[in-house]
Amino acid sequence: CFTSGGGAFLIPYFIMLMLCGIPLLVLEFGLGQYVRAGPLEAFRKICPIFKGTGLATVMISFVLTTYYNVIIAWALFYLFASMQSELPWDSCGNWWNTPNCFSHDDYRSLNGTVKPNDTVSSTEEYFNRRVLQISDGIGNPGEMRWELFGLLIVSWVIVYLCLFKGLKTS
């Protein structure tokens, strides 16, 4: 909670959201509705030199969509993993855990007062060592995560199914 300033971050965030974010969003919506075209054509109609601005918004949207689909793939991984009788990230007795693993039950047995040094929570180890299977360093790139790749394909199929008939169906 206190990392990166805690709640103090929200004050400048909401100030900038009110001063810049929402007005620019309304401006972009209004521009698209007035011109009745996508970003490339809309900015080109205003001024041909602004076509790059429309291209930049399309490229940024593509990069963000790609990144968020990776997060959706992780969420799908957790969804399928949570269908087990015992949650795999709840304990330290799994093949991906290290000797420094510390579960929530271990922490609760200490009345939540002290967390031993150099410990890693079982949930953090599950994400880093089971889901991502992060390697030791750049010299060891690891192997292809086929289950995550398959879930990434599933997330793109979900996006396609939501959009293939256009806005009138979603």
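Cβ from N, Cα, C; glycine included.
What TrEMBL records for Cys92-Cys101 is disulfide bond. Feature annotation from TrEMBL assigns transmembrane segment to 13-35, 55-81, 148-167.
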- Cβ atoms other than its own within 10 Å of the Cβ of Cys92 (disulfide bond), all chains, total 21
- Given the transmembrane segment (55-81), its same-chain partners at Cβ distance under 8 Å and 6+ residues beyond its ends are 28, 38-40, 87-89, 131, 147-148, 151-152, 154-156, 158-159
- Query: Where does Cys92 (disulfide bond) sit in the DSSP three-state scheme?
  - Reply: coil
- Query: DSSP on Cys101 (disulfide bond), three-state: which is it?
  - Reply: strand
